[in-house]
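In what follows, a structure is listed as structure tokens, so that the remarks can point back to it.
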Amino acid sequence: MRIAALLLAAGRGRRFDASSQSGENSSKQFRMLRGKPVIRRAAEALLPHVDVLLPVGDDPLLADSLEGLDILPPVSGGAERHDSVRNGLEALAKLPEPPDLVLVHDGARPCVPAEVVQNVINALKTHEGVIPAVAVIDTIKKAKDGIIVDTVPRDGLWRAQTPQGFRFGTLLELHRTHRDARTDDAALLEQAGHPVAIVEGSEDNIKLTVAEDLMRLEGVIDRNLLPRVGLGYDVHAFEEGRKLILCGIEVPHTKGLAGHSDADVGIHTLCDAIYGALAEGDIGRHFPPSDNKWKDMDSARFLVHAGERIRERGGFLVNADVTLICERPKIGPHAEAMRNRLADLLKVSVSRISVKATTSERLGFTGREEGIAATATVSIMVPDNGEA
């Protein structure tokens, strides 16, 4: 059977806006969650289970957030949720091979477990509509004007989640004939007399509704991450007539460092540490010195790439510690500027970055002031399977 998914991204998220202190203007589904937009994580959770995924929404950020995924181009959303679903269904109906089954998923639910999605699909073999849900366990009170008027029995009460699954033809027909608002598509089937089955949902399948939900979602993601550590070491000789660039900052000195790029030994060793933690080789693998494209290149570009690779793998940087080894120049006066520059390039808080210096007590090539050495240690968190 051919399975399609509608990924809804037209909602504005007014409750989230009211609770957020961040000042960001983007809708909740486009907020960054451990290095990826919320909606991208939602799409990636569905893709292994479906043949076609169709985003529904008009925000310019939608295409950017889903760039590179094997999905259909977005279709416009509607004024209300049911309008967006209907627009998506009509678009699917026009495909050369319309689906047999359709999943409808909120773009603000980024952490739906694979088993929940698969259980919904499996239940559609015997039901026209299926929703994942979790049983209500708290005591429910009904109130008026701040005063309790009733205690509602919780037996048989469930909290509905998505993706909700349906026979495609059934849901399309009901949307064409019932244009009044519903909070979800299961309610359409219920009103028309079609039984809708429930499968076990998950407490991890959190919908981003208020700002505090971001922390809960981060906790879900972090449970599936493993710590990794990377070490970097690099050396560059001094050379007359070049600027001295260290950790992205120009440092006044009589000499610069020799190298194919700008020879920023601090950034080079930090890149090596990051690539090592990711098990992706070293800086030379990504930016080979044999390629003249990188001749005299600002090494900031290399570090931006290394940081992007962490995020593309679904991880984040815990901390980075860079040590510069030289007799001169003195690093201390520039260390804070270096920290801030590295943090900016890696898109992390400066509190996660350390830059310090030491000497070799006038021993060896650094003691003879023939060059500068640098070491770096990084700690990152990435998914257990190493995939985004």
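Just so it is clear, glycine is given a Cβ too, placed from its N, Cα and C backbone atoms.
According to Swiss-Prot, the region '2-C-methyl-D-erythritol 4-phosphate cytidylyltransferase' annotation covers 1-228. Mean pLDDT of the predicted structure over the region '2-C-methyl-D-erythritol 4-phosphate cytidylyltransferase' (1-228): 92.
Taken from Swiss-Prot, the feature site 'Transition state stabilizer' covers Arg15 (among others), and the record attributes it to sequence analysis.
If you look up Swiss-Prot, you'll see Lys28 (among others) marked as site 'Transition state stabilizer', on the strength of sequence analysis. Cβ neighbours within 10 Å of Lys28 (site 'Transition state stabilizer'), excluding its own Cβ and spanning all shown chains: 25.
Under the heading region '2-C-methyl-D-erythritol 2,4-cyclodiphosphate synthase', Swiss-Prot lists 228-388, citing sequence analysis as support.
Per Swiss-Prot, 4-CDP-2-C-methyl-D-erythritol 2-phosphate binding site is recorded for Asp234, Val235, His236, His260, Ser261, Asp282, Ile283, Gly284, Thr358, Thr359, Ser360, Glu361, Phe365, Arg368, and the stated evidence type is sequence analysis. Secondary structure from DSSP puts His236 (4-CDP-2-C-methyl-D-erythritol 2-phosphate binding site) in a beta strand.
Per Swiss-Prot, the feature divalent metal cation binding site maps to Asp234, His236, His268; the stated evidence is sequence analysis. Around the Cβ of His268 (divalent metal cation binding site), 28 further Cβ atoms fall within 10 Å across all displayed protein chains. In the three-state DSSP scheme, His268 (divalent metal cation binding site) is classed as helix.
Its own atom aside, the Cβ of His260 (site 'Transition state stabilizer') has 16 Cβ atoms within 10 angstroms in the protein chains shown. Positions annotated as site 'Transition state stabilizer' by Swiss-Prot: His260 (among others).
Secondary structure at Thr359 (site 'Transition state stabilizer'), taken from DSSP and collapsed to helix, strand or coil, is coil. The C-beta environment of Thr359 (site 'Transition state stabilizer'), restricted to residues of the same chain at least 6 apart in sequence and closer than 8 Å, consists of Ile325, Cys326, Glu327, Thr366, Gly367. Residues annotated as site 'Transition state stabilizer' in Swiss-Prot: Thr359 (among others).
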For this session: Have a look around Thr358 (4-CDP-2-C-methyl-D-erythritol 2-phosphate binding site) and count the other CB atoms within 10 A of its CB, chains all included.
Result: 13
Seminar exercise, completed: Listed in sequence order, the residues of the same chain lying six or more positions from Phe365 (4-CDP-2-C-methyl-D-erythritol 2-phosphate binding site) whose CB sits under 8 Å from its CB are Val235, Ala237, Gly371, Ala373
Problem set entry | Largest inter-residue Cα distance among Asp234, Val235, His236, His260, Ser261, Asp282, Ile283, Gly284, Thr358, Thr359, Ser360, Glu361, Phe365, Arg368 [record-listed 4-CDP-2-C-methyl-D-erythritol 2-phosphate binders, Å] | 30
Problem set entry | For Ser360 (4-CDP-2-C-methyl-D-erythritol 2-phosphate binding site): intrachain residues, at least 6 apart, with Cβ closer than 8 Å | Ile325, Glu327, Thr366, Gly367
For this session: Based on Cα distances to Ile283 (4-CDP-2-C-methyl-D-erythritol 2-phosphate binding site), point out the closest of the recorded positions Lys28, His260, His268.
Result: His268
Exercise. Can you tell me the three-state DSSP label for His260 (site 'Transition state stabilizer')?
Worked result: coil
